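Participant: According to Swiss-Prot, the feature domain 'Obg' maps to 1-159. What Swiss-Prot lists as region 'Disordered' is 128-150. Look at Swiss-Prot and you will find 129-144 tagged as compositional bias 'Polar residues'. For 160-334, the entry in Swiss-Prot reads domain 'OBG-type G', with the evidence type sequence analysis. What Swiss-Prot records for 166-173, 191-195, 213-216, 283-286, 315-317 is GTP binding site. The Mg(2+) binding site annotation in Swiss-Prot covers Ser173, Thr193.
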Amino acid sequence: MKFVDEALIKVEAGKGGNGCLSFRREKFIPRGGPDGGDGGDGGSIYFEASSDLNTLIDFRYTRQYKAENGQSGMGGNCTGKKGEDLTIKVPVGTMVYDADTGELLADISQPGVPVLIAQGGFHGLGNTRYKSSVNRSPRQTTPGSPGESRNLRLELRVLADVGLLGLPNAGKSTLIRAVSSSKAKVADYPFTTLHPGLGVVRVSPYKSFVMADIPGLIEGAAQGAGLGHRFLKHLSRTCVLLHVIDIAPLDGSDPVADAKAILNELTQYNPDLLNKPRWLVLNKIDMLPDEKEREEKIQSIIKGLKWKDKVFSISAIESKGTQELCYALMQLIDEMKESEA
């Protein structure tokens with residue numbers, strides 16, 4: 001599924017119903033008093049998180065949402081019907097911003113809990129409300145007020161347990177395809193992943209975690225170069241980061257220098273990301289069939305990065321070492337979630 005992480009929409013709450021101007025007119029009661037009823041309140045617009053959704057793609061096709069207007073009041077002191085509220089379902093983790101001011105209106109992270117985004121208009125008052133001892137036949141009413149109207153920017157941060165980090169063509173898309181049901185676009189040129197993608201990795205019938213395939217970064221991404229820093233934000237909610245490195249780049253670049261460039265981007269964008277658990281994944285070991293040469297390359301990378309945390313050597317395209325990696329990730333995620341409970 002194509003993963004869309006931003007959308008611009010317009011929402012408009014319902015207008016309140018107008019108050020009614022009416023007088024009681026019945027046989028043998030020639031001068032009945034006022035009996036104009038109030039209007040109904042306009043419908044409000046709520047956002048609600050749904051765990052069944054994981055994309056904002058629907059908002060690319062429907063951009064305008066309007067709640068029902070309140071009904072106007074009627075004679076006989078009948079109040080108009082309230083406009084029906086509109087509840088818009090969004091994926092868990094959706095951030096709702098006012099597109100005009102940039103204000104964060106809501107972080108929709110709890111499924112099943114409606115969050116008010118646009119308040120419906122207040123009902124108008126009928127002429128009955130203005131009856132007094134000095135004005136027995138008021139002709140005054142008030143109209144219903146308009147509902148709130150907002151231009152919104154929806155932003156979805158990937159709710160994933162594992163984030164894949166690395167330069168373009170490090171093999172992240174291949175890895176996520178190898179261990180999950182994700183069908184990420186894979187080819188031998190940079191930026192094959194143009195949208196963040198999610199893959200569910202199932203290590204047993206009752207154990208699974210979500211892996212986020214973040215588009216490849218280049219030097220300067222924190223300032224918006226390449227595919228820009230818009231993708232770095234997807235790493236903020238992951239439990240663990242996998243730093244995927246191409247052990248034998250076809251362009252002859254230095255894997256250590258490549259890795260340091262990514263770490264530099266992380267530091268510039270958000271230094272707190274460096275405090276997350278980060279594991280080193282040395283990919284494409286199939287490109288170095290000689291065992292001695294491969295081991296020397298692995299050790300030189302570890303030494304060059306002064307890496308102290310876990311290291312996994314894999315071939316994503318041949319699924320070598322991926323099972324061990326997934327079991328280790330599942331164990332870490334379980335431990336982290338237990339400690340938070």
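Note that Cβ sites are derived from N, Cα and C of the backbone, with glycine treated the same way.
How buried are these features, and what lies next to them?
Facilitator: Mean pLDDT, taken over the domain 'Obg' (1-159), works out to 90 on the 0 to 100 scale.
Through the fold, the region 'Disordered' (128-150) approaches residues 10-21, 23, 31, 33-39, 41-44, 67, 69-70, 72, 77, 98-100, 105, 117-122 of its own chain, all at least 6 residues removed from its boundaries and within a Cβ separation under 8 Å.
Applying DSSP to the compositional bias 'Polar residues' (129-144) sorts its residues as follows: 2 helix, 0 strand, 14 coil.
Annotation note: Lys172 (GTP binding site) sits in a helical segment as assigned by DSSP.
Cβ neighbours within 10 Å of Ser173 (Mg(2+) binding site), excluding its own Cβ and spanning all shown chains: 26.
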Participant: Let me make sure I understand the structure: which of the binding-site residues listed (Lys172, Lys284) has the fewest other Cβ atoms within 10 A of its Cβ?
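Facilitator: Checked Lys172, Lys284; of these binding-site residues, fewest Cβ neighbours within 10 Å: Lys284.
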Participant: Measuring Cα to Cα, how many Å separate Gly166 (GTP binding site) from Ser173 (Mg(2+) binding site)?
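Facilitator: Per the Cα atoms, Gly166 (GTP binding site) and Ser173 (Mg(2+) binding site) stand 11 Å apart.
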Participant: Give the number of CB atoms, excluding that of Ser315 (GTP binding site) itself, located within 10 Å of its CB.
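Facilitator: If we count other Cβ atoms within 10 Å of Ser315 (GTP binding site), we arrive at 21.
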Participant: Around Asn169 (GTP binding site), how many other CB atoms lie within 10 A of its CB?
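Facilitator: Around the Cβ of Asn169 (GTP binding site), 22 other Cβ atoms lie within 10 Å.
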Participant: Could you tell me the C-alpha distance between Ser173 (Mg(2+) binding site) and Ser315 (GTP binding site) in angstrom, no decimals?
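Facilitator: About 12 Å separate the Cα atoms of these two residues.
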Participant: Over all shown protein chains, what is the count of other CB atoms within 10 A of the CB belonging to Gly166 (GTP binding site)?
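Facilitator: So the Cβ neighbour count for Gly166 (GTP binding site) comes to 23.
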